[in-house]
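A short worksheet on the structure shown next.
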Amino acid sequence: MLPPEIELDAELRKVVTIRACCTLRLFVPIKGRPAPEVKWTREHGESLDRASIESTSSYTLLIVENVNRFDSGKYILTIENSSGSKTAFVNVRVLDTPGAPQDLKIKEVTKSSVTLTWEPPLIDGGSKIKNYIVEKRESTRKAYSTVNANCHKTSWKVDSLQEGCNYYFRVLAENEYGIGLPVETSESIKVSERPLPPGKITLLDVTRNSVTLSWEKPEHDGGSRILGYIVEMQSKGSEKWSTCATVKVTEATITGLIQGEEYTFRVSAQNEKGISDPRQLGIPVVAKDLVIPPAFKLLFTTFSVLAGEDLKVDVPFVGRPKPAVSWHKDNVALKQTTRVNAESSENNAVLTIKEACREDVGTYLVKLTNSAGEATETLNIVVLDKPGPPTGPVKVDEVTADMTGLIENHDYEYRVSAENAAGLSEPSPPSAYYKACDPIYKPGPPNNPKVTDVTRSSVFLSWGKPIYDGGSEIQGYIVEKCDVSDGEWSICTPPTGIKNVHMEVEKLVEKHEYKFRICAVNKAGVGEHADVPGSVIVEEKMEAPDLDLDMELRKIVNVRAGGSLRLFVPIRGRPTPEVKWGKVDGDIREAAIIDTTSSFTSLVLDNVNRFDSGKYTLTLENSSGTKSAFVSVRVLDTPSAPVNLKIREITKDSVSLSWEPPLLDGGAKIKNFIIEKREATRKAYAAVVTNCHKTSWKVDQLQEGCYYFFRVSAENEYGIGLPAETSDPIKVAEVPQPPGKITVDDVTRNSVSLSWAKPEHDGGSKIIQYIVEMQAKGSEKWSECARVKTLEAVVTNLTQGEEYLFRVMAVNEKGKSDPRALAVPIVAKDLVIEPDVRPAFHSYSVQVGQDLKVEIPIAGRPKPTVTWLKDGQPLRQTTRVNVSDSTDLTILNLKETSKEDSGTYEITVANVVGQKSASVEIITLDKPDPPVGPVKFDEISAESITLSWNPPVYTGGCQITNYIVHKRDTTTTVWETVSATVARTTLKVTKLKTGSEYQFRIFAENRYGQSFALESAPVVAQYPYKEPGPPGTPFVTTVTKDSMVVQWHEPVNDGGNLKVEVPFIGRPKPTITWTKDEQPLKQTTRLNIENTTTLTILHIKESNREDFGKYTVTATNAAGTATDNKA
């Protein structure tokens, strides 16, 4: 059972950088028993649906083809089996165009501009953002236009906008790989701003508790409709404005005011963008009833009315308080009736007169009276009525034919009425009787009779009025016919005749010959006839088709796109011709409405577009012939798509396009062409150039290896036309560069093994294969000898002793590279090469329990024998430790390594030419052995003990990081940690309990764990002293009468030991010497000196007075001398 392990390649430990549209391959060797379960995830849970994952017991491979910016990020690999789990990650950066900018906001809108702000994209495509592209689109259009293609900040003011229009905006980021995804405003933005303040404010009325105001509309509504007005007021002495009314009209009455209080008013206009600055009333207003003397506001003082109609006299006035109104007529108080009444309101008096008559004519006085005074006004009312009868008698001065409508030979009398605007007067007395008689005669013959048309059964006649009507109005015409075959005349019209001056004579016999004559009729009778010239044979008249093109249709007919095309053409022909409309180089749209009669044909086409331009043909055909004409129609529209768009050239970073102008120019000259590109993985096109004046363009700075679509649009004065687009994506690539250096790996009598480096550049397209060619000496012909997909090939079937040249070509989907030739010719013969062994590393480290595989490259011809030694002894191979050899490698396999596997391994290779050796060191990494004892107690006191020990013999293949010291009171079994971070091999343990016995243990620790413990002997925490020996026998040295001086000698043994520690440093390690009182110090069983790498220690057992003196320690090395004194 082995826990899972992941071996990340050094390249995968860095950030893996890859170009967009390329293929991401993450190959990771893995280990573990049983074979671990493999799981790939993304850091933020992104989907791996596009990834192809292959896993075996020894590796896992993740492949993502055609990567884009969204494939950037951290890829996490987790492998797990019953022995544990292991996780690693790989950071991937896809070099692509940026993602969409973030948080696009509208910062400010005015009547002609919109200010945008945004944040940089979350994904920069692995390259610094160079600039931003700002675009706008009217909501009624589909295409965006560029505002700024080189914006270097995250905000922009888009100006020169059309006030009141709605716009969409979008922003795109650009890096060295191109233009990224757009961020677009979700809703259209109306280009408007807050309105200007309302106009002049007028005070209409004031009462004790209300004010009525009116105002003018703002001079400008800000480009958006005024939604309403806000009226605010401010009391005197207050700084606060409060809303008192919100209205949609330009007038408001504010109520609830306090009588006598002074107020200031202001009004603001509001549209959908906000509230305007306020317009303030010029003076404050005091809430009180006004006292105004009465006054009239009449525009005129005379009122007219037709008799029988109603009259309403409106008299406007002012006055506070409301004045009393009184009316007088002709200085007499007006008597009010149901027909005549007067009423009044706050500011006008109304006099109503129903069905006015002559009695209502007169002078009216209206009087206004209130507490402030009075006012009068005189009004004149005029009733308009028909006049009285004229004064008779009526006299007839002359009788003529001018008076019509009389019956001839009848007697008549006459009377006269006067008339004015109001009507007729009573008639005058009647005149005497007069007889109506005016002399009349029969009319002359009709003028210019003729035949206008003939059919198989009828004849069409026309004529003019007679030149002489006989003094009487022509009442009608009589038409007669005569069949020449029988010579009889018959009337074709009713006996009273017809009123018209034309007629169709029907029911005639086909092929018969007829004559016709016409007579005029008046009151005097039937006049002289007029004969139609000649005779007429009744038969169908044949007429070839013809048409009358209007002068406007003979020119080019121009019509704006979206308008209606109407072509009206008069036609003729017998029989009625068949009409056909057509269109050169195309068909007429099905939406066209064609109407045809015997006399005209029309074509109507609504909502025309550029494709309706062209030559419209009209063909008329009957049995008499054919007639054709055409009308040229030009629809003024944007151009159609350019034609014949071709890819002329492709390189690793550019594509050259060519095209021809559109077939339809939209009725205006092509100003320029617009070239756009789109990556195959995207939906939006980005502009390459918007002002191209030729029919070709080289699109450069493309991302190598990516697929692109291209499109070209023409532009005229009416806008940008339809695009021509490449049907398939174009891969930006070229043939690869030649392969790298070619190396001869092996030569035999009949074969050559070659290898080579990848081309420095694959041309932007994956290398498909390599072609190996050879040329025999003396030949000029190169022949193909191998096709491989790897970077090596073995060429066989060579002739021994023959000399050959070799070359290699790389192939991608665009073609073959130039060849890379081997620098020198190769002779086909077996090689003899001195053996060589070159380890890649001098040492190998492995953790105990893990497997180790050491691969040592070897060389030599013939193949050398390989010998392994460990620490100077032949390596003993087992199932756990074994060696395997190949042609160019010798491999040492160590399974489940132990610390005994560490040591120096020597590899010797030998063949008939010679031999060579090399050595490597294998370091096994494990937790260390215990420290080396015994544990020494360098210093003991009642409260502390100083410990020391030696490092472990086996450090685990790495440095000892620290030591861990435990202690326990021997009366318990519980161990306590004294310190877990001891860096040196000595430690002073403090805070001990005097007289207690302690035991200590020490662990060594490295990065792989801690060792077993080294335990000390028990030790008691007490001073290392005994009670002193007895003093010497006392004796008296001096005696007086009242005192004695007693003396004695010190004890021989004072019961104590002495330890003096002196630390030192120096390189090389200095030599240490001790002196006492400037004499060399002699070591005895009671006095000895101990030296370590950093300390010199003087031990004196059972010290006494003889040990008193000056001790000097001296340290000496090649660099100098140092001394220290101890007393």
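Residue numbering: from 1, along the chain as shown.
Just so you know, glycine gets a Cβ as well, placed from its N, Cα and C.
Marked as domain 'Ig-like' by TrEMBL: 4-93 (among others).
Sequence annotations record features per position, and here TrEMBL assigns domain 'Fibronectin type-III' to 100-194 (among others).
If you look up TrEMBL, you'll see 197-290 (among others) marked as domain 'Fibronectin type-III'.
Annotation source TrEMBL lists domain 'Ig-like' at 294-382 (among others).
The domain 'Fibronectin type-III' annotation in TrEMBL covers 445-541 (among others). Counting residues per DSSP class in helix, strand and coil order gives 0 helix, 50 strand, 47 coil for the domain 'Fibronectin type-III' (445-541).
Regional average pLDDT for the domain 'Ig-like' (545-632) in the model is 89. What TrEMBL lists as domain 'Ig-like' is 545-632 (among others).
According to TrEMBL, the domain 'Fibronectin type-III' annotation covers 641-735 (among others).
Positions annotated as domain 'Fibronectin type-III' by TrEMBL: 738-831 (among others).
Sequence annotations record features per position, and here TrEMBL assigns domain 'Ig-like' to 835-919 (among others).
Under the heading domain 'Fibronectin type-III', TrEMBL lists 931-1024 (among others).
Marked as domain 'Ig-like' by TrEMBL: 1034-1127 (among others). In terms of DSSP helix, strand and coil, the domain 'Ig-like' (1034-1127) has 3 helix, 53 strand, 38 coil.
In this chain, the domain 'Fibronectin type-III' (641-735) lies apart from the domain 'Fibronectin type-III' (931-1024): fewer than three C-beta pairs between them fall below 8 angstroms, excluding pairs fewer than 6 positions apart. Broken down with DSSP, the domain 'Fibronectin type-III' (931-1024) shows 0 helix, 50 strand, 44 coil. Per DSSP, the secondary structure of the domain 'Ig-like' (294-382) breaks down as 3 helix, 56 strand, 30 coil.
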